[in-house]
Amino acid sequence: MRMAVTQNPWQGRVDSGEVGDTTRLFRIVNTLESSEAKTLGGSPVLLGFGCDAGVLRNQGRAGAAHGPDAIRQALANVPAHGLPALYDAGNIACEHGDLESAQLALAGSVHNILSRGGFPLVLGGGHEVAWGTWQGLRAHLDARNDDGRLLIINIDAHFDLRTSRPASSGTPFDQIANACAERGQPFDYVCLGVSRLSNTPALFSRAHALGVSYVEDVDMQERHLASRLAELAARIDATDHVYLTIDLDALPATVMPGVSAPAAYGVPLPVVEEIALLARRSGKLRAADLAEYNPQYDRDNLGARVAARLAWRLLG
């Protein structure tokens with residue numbers, strides 16, 4: 001189920017004639033094998049989820065399976081700016097559309113990274129990635145007998161609370177809600193950037209029934225940023241652990257064309273970036289992922305560079 005990164009995306013510019021620190025990420029990244037006993041000391045670890053089977057099940061457009069390596073290529077040439085270490089754990093493949101096995105493999109890899117003291121940043125792949133990442137984080141907390149509160153922050157145009165099965169990119173947070181209920185644990189879910197035009201009344205009803213906190217895209221613009229950050233900071237202060245997942249289709253299509261479902265309105269990039277920084281600087285962010293980047297529909301690699309920028313913000 002684990003596959004190597006293809007065609008070595010970790011290549012970039014060497015500024016041999018310049019004076020001073022010209023180190024770029026491709027110069028510091030190291031591969032990480034799941035069998036290694038290395039202790040990671042909080043270092044970020046990239047993990048690809050090369051899967052769009054859930055997107056296809058959700059009647060979306062194929063192509064997100066190629067997202068992880070495209071984001072790596074965009075990251076490779078980014079200046080390291082003092083980042084001491086970066087690891088790459090390769091990609092999880094989805095073979096023959098077997099989404100469930102791919103999600104279990106992802107969960108195992110996330111758990112492995114966390115158990116070794118790393119910070120997993122998962123590169124999707126469709127938003128079905130969230131079910132795998134959450135399972136891996138939950139398994140890690142269980143192994144430590146840690147019953148602290150876990151806050152899920154999802155920046156997304158969609159609730160992804162569909163109750164239909166088989167599971168898809170539209171069901172991960174319903175699956176998480178059901179798992180929390182079975183375990184007798186709270187389902188602390190905040191969804192930021194919800195589009196009223198992309199979610200049916202049934203999905204809003206489901207969100208209300210589950211006690212989901214959400215903010216619509218019209219209230220996630222730059223003029224609202226200070227209020228949103230204050231509200232989110234209060235939520236983070238009241239929890240023990242944070243899982244951040246960013247569905248890139250929350251961004252306006254002018255900024256993020258490379259997704260299955262481009263947003264006509266969307267949440268501005270500066271707002272998304274500030275939320276990511278708030279989560280990272282809280283000291284409570286345990287895992288994060290970037291979902292739905294689809295290079296097949298990108299324009300001039302703009303979406304890849306935007307995804308890489310958000311990834312870079314989460315690395316340090």
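Each residue, glycine too, has its Cβ placed from N, Cα and C.
Bear in mind that the values here come from a model prediction, so they are computed numbers and not experimental data.
What Swiss-Prot records for the Mn(2+) 1 site is His127, Asp156, Asp160, and among Asp240, Asp247, Asp249 the residue it adds there is Asp247. Comparing Cβ neighbour counts within 10 Å across the binding-site residues His127, His158, the minimum falls on His158.
DSSP gives Asp249 (Mn(2+) 2 binding site) a helix state. Annotation note: His158 (Mn(2+) 2 binding site) sits in a coil segment as assigned by DSSP. For Asp156 (Mn(2+) 1 binding site), applying a Cβ distance below 8 Å and a minimum sequence separation of six or more within one chain yields His127, Cys191, Leu192, Gly193, Val194, Thr245, Ile246, Asp247, Asp249, Ala250. Apart from the site residues Asp156, His158, Asp247, Asp249, the chain places the Cβ of His127, Asn154, Ile155, Ala157, Asp160, Gly193, Leu248, Ala250, Ala261, Ala291, Glu292 no farther than 8 Å from the centroid of the site's Cβ atoms, the recorded Mn(2+) 2 location. According to its DSSP assignment, His127 (Mn(2+) 1 binding site) is coil.
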